[in-house]
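According to TrEMBL, the features are:
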type	residues	note
TRANSMEM	7-24	transmembrane segment
TRANSMEM	83-102	transmembrane segment
TRANSMEM	118-142	transmembrane segment
TRANSMEM	165-188	transmembrane segment
Amino acid sequence: MNTLIEVVALFLGFVSWILTLITLEDQHWRESSQDGSVILTSNLYENLWMSCASDSTGNYNCRDFPSLFALPGNGMWSTHKSLMIASIVFGSFGLVATLVGMKCSKIGGENYVLKGKIAAVGGVFFLLQGLCTMIAVSWYAANITQQFFDILYQGTKYELGEALYIGWASATLAICGGSCLLCSCGIMTDSEKIPYPLQPSSRGHVRTSNYDRNAYV
């Protein structure tokens, strides 16, 4: 049962790690709103690294942000990038620790107590990955929503892009995988426990003589 839970947790962690990479590379973190527009000539969309524009003919052009400090709310952008990069790093550590700590893995020998602790560390890394992704994506979405409903905001208003939904899915899978690993580490069957040999008591020992009884007359 523990092995099955660990395999499921590893699968969830791996899928969430892949989705985190897709989220970070996806260009559609936010898209320009089409609300109230009668004639649509172009569509703007951005991620943490670049801004793109596409026209009605399907042509698009992307440019990297020239300077992080020139962006409005540059501290927010740098925090989002840091959280997403930290999420990928935590996920990588979680995958390695889980592979080493799985009881069906030959890595690390057959010390199941130590392997269980390593698997638990992998679960913690998956939880950190999920939390970092969830904070980055939710914070980014909250800023988009705030600007969209701000009647005093005169700039381009954006809507939530597909990358944010992928990020939420990634965070949910990572948290589920980490929780499964932590739960499986607290369960150990009798066959997985390390038996300790019983030490015979020093009391009640019968001392035998080195002489044979026939030696006495």
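Along the chain as shown, residues are numbered 1 onward.
Using N, Cα and C of the backbone, Cβ positions are placed for all residues, glycine too.
These numbers come from a predicted model, not from an experiment.
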> Who are the chain neighbours of the transmembrane segment (83-102) in space, where the CB to CB distance is under 8 Å and they lie at least 6 residues beyond its ends?
Replying inline: 3, 6-7, 9-10, 13-14, 16-17, 20-21, 23-24, 48, 108, 115-126, 128-130, 132-133, 135-136, 174, 177-178, 181
>> Quick test of the contact rule: Cβ under 8 Å, at least six residues beyond the ends. What residues does that give for the transmembrane segment (165-188)?
In response: 1-2, 5-6, 8-13, 15-17, 19-20, 22-23, 26, 91, 94, 98, 112, 116-117, 119-120, 122-131, 133-134, 136-138
